[in-house]
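Q: Feature table excerpt (TrEMBL):
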type     : residues : note
DOMAIN   : 1-176    : domain 'Cytochrome b561'
TRANSMEM : 6-26     : transmembrane segment
TRANSMEM : 46-65    : transmembrane segment
TRANSMEM : 77-102   : transmembrane segment
TRANSMEM : 123-144  : transmembrane segment
TRANSMEM : 150-175  : transmembrane segment
Amino acid sequence: AGLFSWHPLLMALAFSFLMTEALLIFSPETSLLRSFSRKVKVRAHWALQLLALLCALLGLGIITYNKHLNGKAHFVTWHGLTGLLTVLYASGQCAGGVLLLYPKLMKNWTLAKLKLYHATSGLVGYLLGCASLMLGMCSLWFTASVTSVSWYLAMLCPLLTSLVIMNQVSNAYLYRKRSQH
């Protein structure tokens, strides 16, 4: 369990904590940085998202190496496939975030449209991460370790944070943008 145990720890840290906090930075209600400038919030978002991605890549590397050491097949469960897709998607989303730093690279796109697409696709990536976490909580390892009410409480965490993040992104980008047209 030594090497394996780093995988759930790093993935939960990446998606349940760091990524959630990176997205909540922009919330006018819950952010610890709400009195800071947008520039500071964007930098904090970048730092937390980069840390989340590094944890996710390390967690993916560890589970891949652990499966290799134990002669087990890779990416054969829904959790494994969704997890791989989530880490690849998060990598692409981080790369796409660079375009917001250099919007002139996208000649035919406005900054507002880039922000809208980044926020919307980021929400999709976040929901993928939550789905992967929930599928991991259905694994034999997790259900043997966490039972009864504790399992249901653990499942509620990504479910509730998904609702909070969906509400935040919808309020900040989707509803506002729709009403402006």
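Glycine too: its Cβ is placed from the backbone N, Cα and C atoms.
TrEMBL labels come from automatic prediction, so no person has curated them.
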Q: For the transmembrane segment (6-26), could you work out the same-chain residues 6 or more beyond its ends whose Cβ comes under 8 Å from its Cβ atoms?
A: 33, 41, 44-45, 48-49, 51-53, 55-56, 58-59, 62-63, 66, 83, 86, 90, 122, 126, 129-130, 132-133, 136, 142, 157-158, 161, 164-165, 168-169, 172
Q: Could you give the residue numbers and ranges of same-chain residues that sit at least 6 residues beyond the transmembrane segment (46-65) on either side and whose C-beta is under 8 angstroms from one of its C-beta atoms?
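A: Same-chain contacts beyond the ends: 3-4, 6-11, 13-15, 18-19, 21-22, 25, 74, 83-84, 86-87, 90-91, 94, 97.
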Q: Sequence-remote contacts (6 or more beyond its ends) of the transmembrane segment (150-175), Cβ cut-off under 8 Å?
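A: Distant Cβ neighbours of the transmembrane segment (150-175) are 15-16, 20, 23-24, 26-27, 115-116, 119-120, 122-123, 126-127, 129-130, 133-134, 137, 142-143.
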